[in-house]
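*Asks:* My questions will all concern the structure given below.
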Amino acid sequence: MKKFKRRLSLTLRGSQTIDESLSELAEQMTIEESSSKDNEPIVKNGRPPTSHSMHSFLHQYTGSFKKPPLRRPHSVIGGSLGSFMAMPRNGSRLDIVHENLKMGSDGESDQASGTSSDEVQSPTGVCLRNRIHRRISMEDLNKRLSLPADIRIPDGYLEKLQISSPPFDQPMSRRSRRASLSEIGFGKMETYIKLEKLGEGTYATVYKGRSKLTENLVALKEIRLEHEEGAPCTAIREVSLLKDLKHANIVTLHDIVHTDKSLTLVFEYLDKDLKQYMDDCGSIMSMHNVKLFLYQILRGLAYCHRRKVLHRDLKPQNLLINERGELKLADFGLARAKSVPTKTYSNEVVTLWYRPPDVLLGSSEYSTQIDMWGVGCIFFEMASGRPLFPGSTVEDELHLIFRLLGTPSQETWPGVSSNDEFKNYNFPKYKPQPLINHAPRLDSEGIELITKFLQYESKKRAPAEEAMKHVYFRSLGPRIHALPESVSIFSLKEIQLQKDPGFRNSSYPETGVFVINHFTCRS
């Protein structure tokens, strides 16, 4: 052992001490929490921690070098330390040079956690080839943290990041990302300025606000938390779904601020909803604009339905529109992720005028086609300027539906004759009326499409994905179907809003509309 200790001490002598080598290692590891105190040195006085054996200490810093050590007979020194002493040496240093390794020490490849860097150093001073970091730019940071392009970073943040951050080509842990976002200002109420109150509902109050990070307007949906009940289930649903829905035709959830008393959802701010847009047009919209809005509704729904998410509360008040004409689905408070097989859901889910007849008659098992009936009703309303089925009660709503589309029979709607609620109402035997008589501005292709939505049997309703390919949209051109999900249809030069014939204002007003708990709030 004396001979071994002497050889070990000679090996550890170099231009750098163990503390210096480990400090270099620490500089390249990901900082987990930006607000945490400085890490204590791993090694004190050049000795390994007493809780670890010499073998485990050496193995910690040499075991992941990827170059297997040469083996000597165990009788020379001993099996536990032979692998270390047998490694080739150049003078007093280990002859090891790190490449930009792609395999982490935990056995994972590029997906290795950002909390433990692959740039592991030997306790003896080892010069790394990639020690020098290139300067971090705003573009790097935006890409790294998925930030908005117009964000304003706090003064000095980039300089601090330059000193403390690991190389940007390494993976980043969720914990590190949260810490970085928090330091920038996300998740903090002081980042947002309340400008005015837009409205108040049962659980939430909505404010028009401004972000200090981007100087953009935002909608602050402040949900009150009751200590006895916690967050309303509608709020939990909305957050859990929206955080995973990233699409050009779905309202963007920018941030979540959680305090003891409230949960604030920070949304992008849009100027108005479809209901007010139609009101401003005097209920006479350009048929070209009707087509553009309908396509965007279908595009957003198709994205949701591919992910087994049902909106369940489609109505003009839940469709927000900005000055450019971009339409976005909003208010996912009643939305629900649909599992397979289909589960039973609440019977009270959709605003009465846009509720499909199967739900009105008590059906509680449904699929993505539940949303398509509402699409047909909204399509008609945009084209004609009036609601299709403005019933005041469930019976009145069904009466209006049957009077236009004909009272269903066992032939037109299998199973309806055995429905108890249908039998109890005892509706007159209405014959179907031609839809063109009620929506004369729709061409034959539009009538064909709306008929595909207004089917009694839910499984016969045209899915959103299929409807987008209908010949009715042929005039929009082929390129609109190839757009990435996050890209607006208005990025195409051939796609533009036209002036609506009945539009009463010469300029687009800033009205500030946002929807909470089925209550439309306007500034």
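From the backbone N, Cα and C atoms, a Cβ is placed for every residue, glycine too.
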*Asks:* Report which of Ser23, Ser137, Ser444, Ser458 appears in Swiss-Prot with the annotation phosphoserine.
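*Replies:* Swiss-Prot records phosphoserine at Ser137.
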*Asks:* Check the candidates Ser15, Ser176, Ser180, Ser367 against Swiss-Prot and report the one noted as phosphoserine.
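*Replies:* Looking at Swiss-Prot, the phosphoserine feature maps to Ser180.
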*Asks:* What whole-number Å value do you get for the CA-CA distance of Ala204 (ATP binding site) and Asp313 (active site, proton acceptor)?
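*Replies:* Given the Cα positions, Ala204 (ATP binding site) is 18 Å from Asp313 (active site, proton acceptor).
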*Asks:* By a simple count, how many Cβ atoms lie within 10 Å of the Cβ of Asp313 (active site, proton acceptor), its own Cβ left out?
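*Replies:* Excluding its own Cβ, Asp313 (active site, proton acceptor) sees 23 Cβ atoms within 10 Å.
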*Asks:* Can you tell me the CA-to-CA distance separating Asp313 (active site, proton acceptor) and Glu200 (ATP binding site), as a whole number of Å?
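*Replies:* Spelling it out, the Cα of Asp313 (active site, proton acceptor) and the Cα of Glu200 (ATP binding site) are 19 Å apart.
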